[in-house]
Amino acid sequence: MGHFTVVDYVIFAILLAASLGIGLYYALSGGRQRTTQEFLMADRSMHCLPVSLSLIASFQSAVAIIGVPAEIYTHGTQYWFIGCAYILGLLIPAHVFIPLMYRLRLSSAYQYLELRFSKAVRICGTLTFIFQMVIYMGVCVYTPAFAVNTVTGFELWAAVLATGLVCTLYTAMGGLKAVIWTDVFQTLVMFAGQLAVIVVGVQQTGGVSEVWSKVWEGNRISGLDLNPDPTERHTFWTLGLGGVFLMLSLYGVNQAQVQRYLSARTEREAVRSCYMVFPSLQLALALSCVMGLVMFARYFSPGHSELQQNYDVVLYFVMDMLQGLPGLPGLFVACLFSAALSTISSAFNSLATVTMEDLIKPHFSTMTEAKATLISKALAIFYGLLCLAMAYVTHLMAESVLQVALKIFGMVGGPLLGVFCLGMFFPWANSTGALAGLGAGLAMAFWVGIGSILTRSSGAKPPPPSCTATLLSGNTTTIIQTALSNATLSRPTGLKRFYSLSYMWYSGLGCFTVVLTGLIISFLTGPMKEEEVTPGTIYPLLGNLLFFLPEHLKQKLCCVTPLGQRPSTQHRTPSRHKQSNGLAVPPEEGTSQDETDSFLANSHTAFVEHETAV
């Protein structure tokens, strides 16, 4: 369909060289990545702007950049309503998850699970996250490389190796600082590449008015679909409400995103970065959707509205629009691979962090800081090589198996979100309930997901043309499985109807299953009491919702201990966690900032000492 010129190759090479250069700079500057605090947490010194751009870069995957336009091209603008989910999906993390985790001074999000529950819950959460990210990494590298190879002639394995090795090198050399600043650079490249395609596409289609008239004539401007049926793939409710759970699993509890919040200089900077993500996400969504509309206007002709959605359509459109404009095809491919680099570098760094903090450090109490940093860098390299191995495995898979792999990644986020919600919002939940809930949530998600795949593959009629598109954060993924509607097919009943549940509800289903199962098991095995809960690990959601109850009743029902407050002395007895973890009681509300900082530092030191002792 088209091939790269020398200028295109030069632009693509500049992208890789610049990313490598940023990693080299941070390897030779500052503390030279000699401590785990600098390598894994960027010395907790980042400002809100680079953190926010890094968050958006982790969210945008290469497959999203070609998948969302394909969705709009085929089905219209209904998918745009997922932007409504961004509001609650970012407000809740900003005011609930970020303050709670930041004040506990964690390095790994899963340290929270041990503080709140037990070491067993922490290890299970960590292993679930590793499983999620390892499956995703190979897909993230291979899929855009394969798509670009198909339509541009760009060497497939040259692209895979270049992406994987460059990303591994700058992540291992420069640590989280390099990952964040390359994300900033790559975000700008992403936006520039998409904007170039849109501007040239509108110009060659005949202008904005011509594009609008064609998409209107082709019925691609979707209205507000308020159908409450959860089996409908995309409605306002599935996108705007179901999407909230997806966003919470990405921006609330995913290690790749949490690690960026925790690298901020102050809690206020961390919260501000979350707010700054919102316009960036809306801009990214708008660019992808407008690109899909311009594609449709370019190729639409009356009487030929049956369109097949796949990656090739998007890449063909790009090469069609930009052919003859040296450098612009290379800019779009750089945009595509910027998304891949930013996402997998987030995966490498977050995987190295959880492996080090959750699985290695607790078992090697005498490990020196220099040795811990060296092992962290080795872990980043190991996960980089594993990424290339997973890319090869992905290459051997059939397309349907590839879709299964992407779906599995999407199904894990909901149960992980459920465990954190169980711990933060329900003080009665205990360790047994959390473990049982996580197991039940994963079982439910895999049951529905695998059931939907088997049901679809064993159908009597062949499925219509379909495609998978993915939206990701570090390590976060959304699967868009699209199929042209067929009015002659009867509505499924029984289990088949259950398997037809929209993929946008998977996170919500997994989360609710974990919370419900966890609460039932906790009450059956003996709910936790207020004095048994580590101070600072509960967000007083129930206390705020039950504001009309008397204070003594709220304390009895909810054992409310808000962050930054000391529990009332008449209801406090020596805590099991206070004795074992050595955590200080949070300071009274209204105490000075110095006292609060002292409490946080002492709590973190005590927790590290507790881990060392264990």
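Including glycine, each Cβ sits where the backbone N, Cα and C put it.
Annotated features in TrEMBL:
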{"type": "REGION", "residues": "565-596", "note": "region 'Disordered'"}
{"type": "TRANSMEM", "residues": "6-28", "note": "transmembrane segment"}
{"type": "TRANSMEM", "residues": "48-68", "note": "transmembrane segment"}
{"type": "TRANSMEM", "residues": "80-102", "note": "transmembrane segment"}
{"type": "TRANSMEM", "residues": "123-148", "note": "transmembrane segment"}
{"type": "TRANSMEM", "residues": "154-172", "note": "transmembrane segment"}
{"type": "TRANSMEM", "residues": "184-202", "note": "transmembrane segment"}
{"type": "TRANSMEM", "residues": "234-253", "note": "transmembrane segment"}
{"type": "TRANSMEM", "residues": "274-297", "note": "transmembrane segment"}
{"type": "TRANSMEM", "residues": "374-398", "note": "transmembrane segment"}
{"type": "TRANSMEM", "residues": "404-426", "note": "transmembrane segment"}
{"type": "TRANSMEM", "residues": "433-454", "note": "transmembrane segment"}
{"type": "TRANSMEM", "residues": "503-524", "note": "transmembrane segment"}
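Counted over residue pairs separated by six or more positions, the transmembrane segment (433-454) shares fewer than 3 Cβ pairs under 8 angstroms with the transmembrane segment (274-297), which leaves the two as not touching. Between the transmembrane segment (123-148) and the transmembrane segment (80-102), fewer than three CB pairs separated by 6 or more residues in sequence fall under 8 Å, so the two stretches do not touch. Contact count against the transmembrane segment (154-172) (Cβ pairs under 8 Å) is highest for 374-398, out of 6-28, 48-68, 274-297, 374-398, 404-426. The stretches the transmembrane segment (404-426) and the transmembrane segment (274-297) are not in mutual contact, being linked by fewer than three Cβ pairs under 8 Å (pairs 6 or more apart in sequence). By the count of Cβ pairs under 8 Å, the stretch nearest in packing to the transmembrane segment (48-68) among 184-202, 234-253, 274-297, 374-398 is 274-297. Only pairs six or more apart in sequence are counted, and the transmembrane segment (184-202) with the transmembrane segment (274-297) gives three or more Cβ pairs under 8 Å, enough to call it a contact. Taking Cβ pairs closer than 8 Å, the transmembrane segment (374-398) reaches residues 33, 36, 39-40, 134-135, 137-139, 141-143, 145-146, 160-161, 164-165, 167-169, 171-173, 344, 347-349, 351-353, 355-356, 360, 367, 405 in its own chain, all 6 or more past its ends.
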